[in-house]
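Straight from TrEMBL, the features:
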COILED    51-99  coiled coil
COILED    127-154  coiled coil
COMPBIAS  1-11  compositional bias 'Polar residues'
DOMAIN    156-292  domain 'C1q'
REGION    1-24  region 'Disordered'
Amino acid sequence: MKVQMESQMTDASEKTNKQTTTSPDIWTEMKELRNMVHNLGTTVVEQSEKLRNMEVRATASEAEAKEQRNTVTDLRVELMLTKNKVEEVEKENADLTAGLSGSKSRVEELQTKNQLGLNLSAMGDRVTASEAENAALETKLSASESQVEELKRATADRPKVAFSAGLTDSGTVGPFVAETTLVYTKIFSNIGKAYNPATGVFTAPVRGLYYISFTAMSVQTSFYFYAYMYKNGQKIMYSQGYNAGGYETLSNGVCLELEEGDVVYMRIPASNRLYDNSNNHNIFSGFLLFTV
């Protein structure tokens, strides 16, 4: 701007010199020159004012920029501190996570041990219960064994009495002129030898309860047939059958309390007949239930 002003003043001076040499009205030209210089001064003043304002703004801008730089520096420092804090927090979180994982593992281990303890306790309870049950069973077994031994001794001491015999293989038996004792001659069993196949009489060897039974068959059509059971000469059973045609059978049995030496046998009345063969339709049987 100063160079521009000097150029303008030079042009004005040259113009004045020219006018002095070329024009007689020098005062007019000088007046114009003064006006021009005045205008130039005003312009210089205005430009100076603008320059000062620009310098002020530049100074303010520099101050603001410096403040912003300081702010940025503070923010960078704060950011660095924040990053350090974040790293510390992350490290603490990692430590806490590791500790939590270890705690979980410990808790799981303790839970496992606790469960094992509960299982062992339950197993111990079951073992105790089983031992108690075994003890009870052993007691019962011992009692049962004792009872078995007693039964064995009782069975060993008790007389064994049983017999079963068939009548005959010869066919018709009877009729007789009087009531007759049946003699069962075919021995199937005779434990204790209490039945006599020569007489047809069973003799009780001991006092006890006996079961005595018989079967009988007739082949005489339209005929009543009978069978009697006697004890010591007393009729205790009267059995009757009727043959309407073909083969007809009857059977019966009774429990008798007999004294040692009591006798039991079968009889048929006069004019009566039975039939027997190898099929054994007529059987006389008995056995001791127990002594009394």
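Just so you know, the numbers here start at 1 and follow the chain as drawn.
Note that Cβ sites are derived from N, Cα and C of the backbone, with glycine treated the same way.
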Subject >> Local confidence of the prediction over the domain 'C1q' (156-292), expressed as mean pLDDT >> reply: 93
**OP:** Could you tell me what the rest of the chain brings near the coiled coil (127-154), counting residues at least six beyond its ends with Cβ under 8 Å?
**Re:** none
**OP:** Please spell out the DSSP helix, strand and coil residue counts for the domain 'C1q' (156-292).
**Re:** 2 helix, 80 strand, 55 coil
